[in-house]
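Taken from TrEMBL as is:
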DOMAIN    2-139  domain 'Nucleoside diphosphate kinase-like'
BINDING   K10, F58, R86, T92, R103, N113  ATP binding site
ACT_SITE  H116  active site, pros-phosphohistidine intermediate
Amino acid sequence: MIQQTLSIIKPDATRRNIIGEILTQIEQSGLSVKALKMLHLTQEQAEGFYAEHQGKDFFAPLVAFMTSAPIVVAVLEGENAITHYRTLMGATDPEKREKGTIRDRFALSYRENSVHGSDSENSAKREIAYFFTPNEIVK
Ligand code: CMP
């Protein structure tokens, strides 16, 4: 099934000038970029994006990190794009990261983990709509 998913290249990665390397790995894995933009999240935008984590102990530092530098958001498309991209990213837990995944190569810590990818079809829909209007996504 062809799906779309939302990718974020996070502040730790934009700060280190590795946007291109990450996009290269994404494209070489077979996913296609259908929309792309760079932005610097406000506190309100970051809190809204991570609303499901409100109340957790990592919420405030997560929002502080996500607003600390620009991010790159992208809509990725491909066969089973949601699980494809999550496999390519590698686990959130540094001890469970598979070799060669984006996070294995680039993540600095549990929080500063270089990339985000939607975890289900529902979150992909919500997250894509959070950053893109339909006419910003190419067919
Ligand atoms: P992401 O997949 O973008 O979604 C939530 C983010 O919160 C996650 O990546 C991590 O960056 C961060 N996060 C989740 N759990 C923890 C944790 N236990 N400690 C620190 N950061 C976390």
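Every residue gets a Cβ built from N, Cα and C, even glycine.
K10 (ATP binding site) sits 7 Å from the residue listed as 'active site, pros-phosphohistidine intermediate', taking the CA atoms of both as reference points. Close to F58 (ATP binding site) in the fold, though at least 6 residues off in sequence, lie R111, each with a CB less than 8 Å from its CB. Among the residues K10, F58, R86, T92, R103, N113 said to bind ATP, no two Cα atoms are farther apart than 21 Å. Taking CA atoms as the reference points, R103 (ATP binding site) and H116 (active site, pros-phosphohistidine intermediate) are 10 Å apart.
The DSSP secondary structure for F58 (ATP binding site) is coil. Between the recorded positions K10, R86, R103, H116, K10 has the most other Cβ atoms inside 10 Å of its own Cβ, all protein chains included. With respect to ligand 1, the recorded positions K10, R86, R103, H116 contribute H116 as residues with a C-beta closer than 6 angstroms to one of its atoms, given in sequence order. In this view, the densest Cβ surroundings among the binding-site residues T92, N113 belong to N113, judged by other Cβ atoms lying within 10 Å. The DSSP breakdown of the domain 'Nucleoside diphosphate kinase-like' (2-139) into helical (H, G, I), extended (E, B) and coil residues amounts to 64 helix, 28 strand, 46 coil. A Cα-Cα distance of 8 Å separates R86 (ATP binding site) from H116 (active site, pros-phosphohistidine intermediate). Between the CA atoms of T92 (ATP binding site) and the residue listed as 'active site, pros-phosphohistidine intermediate' there is a gap of 9 Å.
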